[in-house]
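Worksheet for the structure shown next.
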Amino acid sequence: MDDEHESPIPGEGPSAVPATSVSICEPDMLTLERLNFARQESLESGVGDAEFVTKIDSDELARQAKELSSKVLSKKAGGAAPSDDETPKSKRSLLVESVLGGAKSDQHKKHKKGAFAGVFVPTCENMWGVLIFLRFYFVVGQAGILQALLCVLISFTAAFCTTSSMSAIVSSGGLVSKGGPYYMISRALGPSVGASVGIMYWLAITLLAVLEVLGAVEALLMAAPSLNFPGCKQAFGSGFMAVLVLSVWGGTNFVTKLGIFFVLIVFYTMGSYYAGIATAPLTEAAQANPWVTGISWDTFQKNWGPHYDSETNFGVVLSVFFPCFTGILSGANRADILKDPPKNIKDGTFGAIIFSFFMYSSFFLLWGCVADYRYLQGKEYYSDNNSTDDHHRRLAAGAGEHLVEEIVWNPFPNSAHIGIIISSLSQALQCLIVAPRLLQNIARDKILTIFDRIAPLSKHGEPVRALACTYIFGAALVLIGEVNAVAPLLTMCFLVAYTFMNFSCFVLTYVRSPGFRPSGMSRRRWRIWYMCTGLLGSLVCLSIMIIVSQLWALVALVTSFCLYLYINWRLEQAEWGSALDGIRYQLALNSLIQLEESGHHAVNWRPQVLVLYRIHLSEELKGIKHHEILRFYSYLRKGNGFACVACVLESDTKDEHAMHKASIEKDVIKSIMREEQIRGFAECVVAPSWSEGVNYIIQLSGIGGLAPNTVLINWPSKWKSHPHKAQEFLSVVTTALAAEKSVLAVKGLKDMPLQAVVGTIDVWWMIHDGGFMILLSWLLLQHRMWRQCHIRVFTITEGVSEERAKNAAKLLAETLRNRRLFDVDVEVVIVDDEMIQPYTYDWSLRVDQRHKFVQQLHGAQGLNADAIPLEIDDLFKMEEENASDAGNNHTPTGTLKPVVSSKEGTTGQVAVCDLRAASECPDISEHASKHIADWKHDTAPVKLEVQKSSTKERPALAAQAEWDRVASFTKLNDMIARRSKRSQLVVMNMPDIWSTEESEVNHFMTYCDTMTKGLDRVLFVHSSGHEVFEIG
């Protein structure tokens, strides 16, 4: 064992730059990086012109931001905040230490081994275990020669593919080449998968040691039947396990020196088997047994097919045989002592499994030729009765001692038994050397705190604590007492590791990871080879698991998955990458490209909101929250979109100090988003002014189809005392509309409800954006805060008769009913032109742009005639077409189908109000109040599209000199306030901006304030004209 943990870490001495990192105990929580504050003090002197930057010290900001993030996590997970005491060594330092320490120890190894001595021999030694000597005849006796060879072929395929994947990974260089199987998986698939599979692999090696110990006990009982007593296998197994652990604890050098002796014993024992089978029947007992025929073609034909008993099937024999191919990772475990690890591991391991494949096949063929299947199953021959009574059966779990005595060549008594015992114990000893090192490597990565105490090495560089932990598990598992019971568990654990190793190779090749550089990666045929072998190996390993035992396969996979979830929950951010990250990258890249191409499809529109957030950092860190605009966005979450919450750090300089504070603000915003349960991203830009920074954000936020399509901003309520705020606001709106983004401006954010409300959501549709506002209102109704509200639509128009207005109102109510937007009351308000001049300014240009966009998407036919109109002209064109159809059918023009609401027995109310006349107009408020009292919400998807409309020239906007004399604006506000004074929310479309000159900006803001005077909460909406959508 190397002394990597004691190697000094370069860059961590007194001359190194001090740096610490504060990590949050969640995989999706980002790290708040602290800079070198000694150097930072000198930098602060150069940013004196930036008032906000120098207002708060960076140290204090970082500390308080960390505390805020910890509080959010504590609420979310119910756990304790991370401690500052865990920062002396980061994971990166530990990884560098392990690599450099290993490299340093390599320099002291003068005698490196090649493929044969370093890989082939130890791999064969680990594969050729007790099962060859005590279970091969059982496999042939039960499965027959054909299915026994099939077991060899299936297991060989899994081992071959896994060896190919392992060779590809180790030849890619870096940590993966030096760290053994655990490093291969963890550095390829990430720490969570790597640790969970690494633990399963450690358990598999421990189980292999248990299997070999129990095999040695079985051979001992064959040689000395007098030692048999109840519980003898558990007793002798525990004793053997203790002696082996003490041998490993005493030092691995002595064990290593005995390697050649153990190999000779293994070859001697196998030679005894070959010699005995070739010369059988040689002993008197074998000659007296007619079932022992020697090598015979008739016996071969008789044993060709399966002869399973009631307790055995193909899955059982496969589980018993597969551990013979579980030593293929031995070369990877010894990578540090090889001359050329990538080449040696590939050549040595492939040579070992191919040689073993032919050797195992030869054993099965010879056993199938030498004796009857009943003899191989452990049954005894009786001369007076050839029946196979169950009373005379010997199961293979140790009942074949007569076979070893009668067929295997024994130059002296029990020589074969002694060879089996020594071979089994030697392999168990090798497993007990590898398993603690593997466990110590997992603990050293600081992935699970429960393993922290296992990580330290002894003063001699031995993993004594990991060895003790391995012994505890091994001593418990040896109490199982049966080889056949341990074999399936062992098979499952190894297959989990092999599956993920093959999957690692497949995904690393598929994503073309720059860090994955095996030989031949630049050539297509080798990439196809790595992908095919990786995928085939994964499928074969999973198939073997299912064939062996569906129950144990499920247990193994569920255990690995639970380990993964637990590690993923407890793990801090890792310092190495993952092939899964590469998969996510490729999927995200492909999805972004496809999403950009299909972003305008009707079923794909959803609110992708850019939230312009003014963060009060000093107050936020003190616990004073200003989350109103983020809470309002959360009302739109049912649209299944995302949010990009962005803020601007005003600073004249963009130095390291300012960028660091911007990073802190970004992390604080992320903490706020987690607290408010908002899904999306956070951004913070440094700019000389807020408006300039917002300009950057609007232009650059998002990528491809994930670019925001809507801007959410707070209405500047104090713009009269701070005129620059009005200028900034209109600058943002102008930039957003130029970038083809809709604008939502919320007035009265501080008055937004904190609990569910009952009332109405009033939509005031003035010329434009009617369907878009109805969509937003429907999305609000999906949130629990507004779910008990009722939608009312007020349509403002001019230049039509009351009869046409009433028909249009009925048509709109019916259209909404057909689209299953229930319980919508509609009122058409007819006004004079001068009341809505800001909405009719440059009307024809906006409508033409909308129609051109629709034609680009759907061709000359436009959208279907049954769509919800976006423009007011669309509504009256639909009314004209409906009247024309009614005339052709000889139906009275004013007759429409009744508008039935979702509540049985009620109808959606329609009304017309003419503000041009002195007559009173009906008010639908009373009906809405009555309707809400017994209203039961039952809504469903509504398709909102736009109908191509005709364009009309509208009167020009009132001249600046005449502005103060336009009293009709106040008259329209009186009508709006009279109907919507008590509504929970008013949704109103924002007029077009006619100029950005200072005086015109004031006129625009004055008009909007006048229109909404007396209303508590208003949502101004201005669409980009590119919204084509469906609800549902």
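In case you wondered, yes, glycine gets a Cβ from its N, Cα and C as well.
TrEMBL lists 885-894 with the feature compositional bias 'Polar residues'.
The domain 'Amino acid permease/ SLC12A' annotation in TrEMBL covers 120-559.
Within the model, the domain 'SLC12A transporter C-terminal' (630-746) carries an average pLDDT of 87. According to TrEMBL, the domain 'SLC12A transporter C-terminal' annotation covers 630-746 (among others).
Secondary structure of the domain 'SLC12A transporter C-terminal' (759-838), assigned with DSSP and counted as helix (H, G, I), strand (E, B) and coil, comes to 35 helix, 24 strand, 21 coil. Annotation source TrEMBL lists domain 'SLC12A transporter C-terminal' at 759-838 (among others).
Sequence annotations record features per position, and here TrEMBL assigns region 'Disordered' to 1-22 (among others).
Feature annotation from TrEMBL assigns region 'Disordered' to 883-902 (among others).
The transmembrane segment annotation in TrEMBL covers 114-138 (among others).
What TrEMBL lists as transmembrane segment is 144-176 (among others).
Per TrEMBL, the feature transmembrane segment maps to 188-214 (among others).
Annotation comment: TrEMBL describes 234-251 (among others) as transmembrane segment.
According to TrEMBL, the feature transmembrane segment maps to 258-277 (among others). Within the chain carrying the transmembrane segment (258-277), a Cβ under 8 angstroms from the stretch's Cβ atoms is held by residues 121-122, 125, 128, 132-133, 295, 363, 366-367, 370, 407-411, 415-416, 419-420, 422-423, 426, 429, all 6 or more beyond its ends.
Per TrEMBL, the feature transmembrane segment maps to 353-376 (among others). If you look at the transmembrane segment (353-376), the same-chain residues 6 or more away from its ends with a CB under 8 A from one of its CBs are 120, 123-124, 127-128, 132, 136-142, 144-145, 148-149, 152, 156, 159-160, 163, 273-274, 277-278, 280, 289, 291-297, 299-300, 302-304, 307, 321, 324-325, 328, 388, 403, 407.
Positions annotated as transmembrane segment by TrEMBL: 463-480 (among others). Sequence-distant neighbours of the transmembrane segment (463-480) (same chain, 6+ residues past either end, Cβ-Cβ under 8 Å): 1, 202-203, 206-207, 209-210, 213-214, 234, 237-238, 241-242, 245, 248-249, 432, 435-437, 439-440, 443, 453-457, 486.
Long-range Cβ contacts of the transmembrane segment (486-508) within its own chain (Cβ-Cβ under 8 Å, at least 6 residues beyond either end) map to 131, 158, 161-162, 164-166, 168-169, 172, 181, 184-185, 188-189, 193, 197, 200-201, 203-204, 207-208, 210-211, 214, 318-320, 322-323, 326, 329, 477, 480, 516, 530-531, 533-538, 541-542, 544-545, 548-549, 552-553, 555-557, 560, 579-580, 582-583. The transmembrane segment annotation in TrEMBL covers 486-508 (among others).
The feature transmembrane segment is assigned by TrEMBL to 528-546 (among others). Within the chain carrying the transmembrane segment (528-546), a Cβ under 8 angstroms from the stretch's Cβ atoms is held by residues 154-155, 157-158, 160-162, 164-165, 168, 318, 322, 491-492, 495-496, 498-499, 501-507, 509-510, 518, 520-521, 552-553, 556-557, all 6 or more beyond its ends.
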Counting only residues 6+ away from its ends, which parts of the chain sit with a Cβ under 8 Å from the transmembrane segment (234-251)?
209-210, 213-214, 216-217, 220-221, 227, 425, 428-429, 432-433, 436, 460, 462, 464, 467, 470-471, 474-475, 478-479, 481
Helix, strand, coil residue numbers for the domain 'SLC12A transporter C-terminal' (630-746) per DSSP?
58 helix, 27 strand, 32 coil
